[in-house]
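The annotation Fe cation binding site is assigned in TrEMBL to HIS4, HIS53, HIS90, HIS267.
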Amino acid sequence: MTAHPKIDLETGEAFAFRSGPVPPFLTYFRFDGNGNKQPDVPIFSMTRPSFLHDFGISSKYAIFADIQIGMNPMQMIFGGGSPVGFNLIHAINAWDEEDAIVMLAPNILSVEHTLERMDLIHALVEKVRIDLRTGIVTRNPVSARNLDFGVINPAYLGKKNRYVYAAIGDPMPKISGVVKLDVSRGSRRECTVASRIYGPRCFGGEPFFVARVPENPEAEEDDGYVVSYVHDEIAGESKFLVMDAKSPALDIVAAVKLPRRVPYGFHGLFVKESDLNKL
């Protein structure tokens with residue numbers, strides 16, 4: 001199963017998929033608001049096994065990217081392949097527009113280095129629009145920086161959002177800081193509106209957005225905190241950072257020293273006390 005299930009906070013539904021080397025190469029499924037798994041939906045239009053790690057979901061559609069990293073033994077032996085295109089590893093968000101789907105995701109420009117030389121990877125966050133009438137796909141970069149592990153306010157899953165919080169690769173897989181993007185600023189403009197660098201030889205993990213008052217439907221989209229683990233390689237200490245998501249420098253409001261090291265590369269997730277009490 002994917003490491004990136006999507007949770008609809010309004011309905012309580014969870015959406016996910018699994019992929020494998022034999023047909024069907026992709027299977028989509030969901031859990032209802034009571035946690036009951038619904039029937040599998042095999043996706044037979046995927047004709048080869050591909051590296052599927054994440055997906056996008058809107059109010060109407062689930063969006064999967066069939067990227068270049070696939071399993072083709074004959075091409076491994078004899079060479080060859082397709083031209084370089086859009087290579088999605090992580091999805092940020094997706095939403096529906098009139099006769100179109102819009103998706104935010106980092107495009108891995110040097111995907112051939114993913115498995116061996118991650119330090120050579122450059123991930124360019126793009127806004128991708130799929131016209132459902134014409135089939136035309138348009139792409140616009142929203143930042144020139146090397147960014148991945150982008151997250152949003154979870155309440156905006158599948159809806160048009162304005163803000164994205166993404167990790168800065170310096171280089172990948174080490175994360176030197178976090179940025180806040182305002183994707184409403186228009187096409188082909190640098191959308192970074194706030195950033196924080198963790199410091200010399202301090203590296204973090206995937207950020208996560210936590211709303212200040214999750215139950216307030218009138219709260220502004222960025223009214224909350226950006227949280228992440230950060231490890232200081234000089235001092236040998238790990239901390240849990242809490243940053244003000246609305247401030248232009250993502251000001252640190254709390255830095256909690258941890259008793260043990262948190263390794264690089266783990267995905268982030270925040271679980272509310274009310275959800276823990278349901279377990």
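First residue shown is number 1, and so on along the chain.
Backbone N, Cα and C atoms are what each Cβ position is placed from, and that goes for glycine too.
Predicted automatically and left uncurated, TrEMBL annotations should be read as such.
Feature map: TrEMBL annotations on the structure.
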residue	record	DSSP class
HIS4	Fe cation binding site	coil
HIS53	Fe cation binding site	coil
HIS90	Fe cation binding site	coil
HIS267	Fe cation binding site	coil
HIS90, HIS267 as binding-site residues, winner by CB count within 10 A: HIS90
In the chain carrying HIS53 (Fe cation binding site), residues 6 or more apart in sequence that have Cβ under 8 angstroms from it: THR2, ALA3, HIS4, ILE89, HIS90
8 Å Cβ shell about HIS4, HIS53, HIS90, HIS267 centroid, Fe cation site members excluded: THR2, ALA3, ASP54, ILE89, ALA91, PHE149
Number of other Cβ atoms within 10 Å of the Cβ of HIS4 (Fe cation binding site) across all protein chains: 15
